[in-house]
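Okay, structure first, notes after.
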Amino acid sequence: MKNCEYQQIDPRALSVSPASAQNHAEKKEQRPVRKWEVFPGKNRFFCDGRIILARQSGVLPMTLGLIVVTCGLFFAFDCPFLVEHLTVFIPVIGVMLFGFVVVSLLRTSFTDPGILPRATPDEAADIEKQIDTSGSSTYRPPPRTKEILINQQVVKLKYCFTCKMFRPPRTSHCSLCDNCVERFDHHCPWVGNCVGKRNYRFFYSFIISLSFLTSFIFGCVVTHITLRCQAGKSLVQAIQQSPASVVEVVICFFSIWSILGLSGFHTYLVASNLTTNEDIKGSWSSKRGAEDSGNPYSHNSIITNCCATLCGPMPPSLIDRRGFLPSDQAIPSASEIELPPFVAKNDTHMCTQSTKDVLEMMVHASDFNSLCPAGTPKTAPLGLEASSAEPPSTEPSSPAGCSQHHTCQSVAASWPPFSKRSKRDSLHSINPAFRLASPSPPLSRTSMISGHEPEFGFIPPL
Amino acid sequence: MAETHSLQDMRQQAAVAAKVFIQRDYTNGTVCQFQTKFPSELETRIDKQQFEETVRTLNNLYAEAEKLGSQSYIEGCLACLTAYTIFLCMETHYEKVLKKIAKYIQEQNDKIYAPRGLLLTDPIERGLRVIEIAIFEDRSLTR
């Protein structure tokens, strides 16, 4: 399993002399680490953990750009004419809609969608134990599903091998973000984030307001061109006088179809308290007799469903991005991921260094020593993979000069539980369960790789 | 706070013999509720009634946080009208109840669980998945 075999290597300590490495370690120990810095999922954090985004958020600037450009053209070229000939309320409404759209979009993109933190090693071990005791005496991997009754309906809970827990109902694991997200709707590339329990209402208000905005702009631009034509000019002349309008019309025309369609679809989902994920999979459709009878989460009333989904209480973020790691978990030894060019060459070095770091921190050495050799081969390919995936040039140098600290700490101890374990006497009792719980090596390798690579996302580009 | 310090001291000095996890109860849907089944590991340490009382109170508090009532609707509509910027200055109802829950757990730990060598962990620290109860070895009590 990841936690057992993963070795934490400090590339900083490798590249510098032992004395300064020691200083470095001391400095790092003193600096409190925020939890977002060691977050295991593929997310990016900005503003010291206040803002969260998916790792591949490349389309978000495009979405924003498209909206800003279209509205900019509208205000610059169409509004003056319309204010003159119609009413001053047109730009006012336009500004209000534009503001609403942008705020909703940013809220959707930057809000934690309802990410479930991964199970601590103790929890994972406990689940394994429960499964084991109910089955045969020899170890077998945990069953993939568990059946429970929800509102007198049988629902299957799946076991998530990455997060090491049975997923709560309506939760799904997003492979792009590598997180389990509650009430997972879908991963929206336009918004650059998953859409889940916590940001669904923002997403819905974004698409609804965007539909209004595009329709409004489309209508206004058509009115503008029509008015110009009515003033005695031909269509071509009117267009020549205001070429931006054509651009706007084209953009809006194509957007309207998709956005209105999406809004309609999501209105249907909200009214029946479904998620896109459930609808696509047809989780409840086979059981449909009367309307909504198959869905155990529905309140059986459209209004209640709408209110519950859109105006219900706002659940808190479960990942506590800005909380500090308890000091006993802030191990100075860092991930093998960041700045890896030299990582590949120094595997054995890294192994001994990491063991040394770990020995300094923990109570029982023996288990870790035995873990170390097992861990070595895995870190090498990971280091290579990581180095090929992202060149060190993408490393930002933060003004505070702390980027090195960040990168060293990030993912860190990947898994604070790892370090936490090191301090407890109960290590011995937990370890055997742990080893037992590790999936077969190929599986662990792939899960490690998929889990590790994106740690790059951690580096906050400042 | 003196009590937390003493609890943390105890936690650091005493050895954790075992941990019990109270899992979520999904029979009523996705609302946050925990199972009230009394775990066998706690039989020697605490009364079944007291344990069930604690879990039931926690369940009620979470139900209050997630209740779909007029207050939550007003809060939701107000938030929508202000383009959700109101959450930047106001604490949500849920957060207020979470604070109440944290206080309640602290109180329970101080009065009931710590004297018996047990420690409840606030479920919010475990992603609202489990209530973690750490069972300390008996020698910690003689400290």
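Just so it is clear, glycine is given a Cβ too, placed from its N, Cα and C backbone atoms.
Here TrEMBL flags A:1-28, A:379-462 as region 'Disordered'. If you look up TrEMBL, you'll see A:59-77, A:89-106, A:202-227 marked as transmembrane segment. The domain 'Palmitoyltransferase DHHC' annotation in TrEMBL covers A:156-281. For A:385-400, the entry in TrEMBL reads compositional bias 'Low complexity'.
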Folded-back contacts onto the transmembrane segment (A:202-227), same chain, C-beta under 8 angstroms, at least six residues removed: 67, 70-71, 74, 78, 81-82, 85-86, 90, 93-94, 97-98, 100-101, 104-105, 107-108, 111, 185, 188, 191, 195, 235, 238-239, 242, 245, 248-249, 252-253, 255-256, 259-260, 262-263, 266, 270, 309-310
Residues of the domain 'Palmitoyltransferase DHHC' (A:156-281) by DSSP state, where helix covers H, G and I: 73 helix, 19 strand, 34 coil
For the domain 'Palmitoyltransferase DHHC' (A:156-281), the mean pLDDT of the predicted model: 89
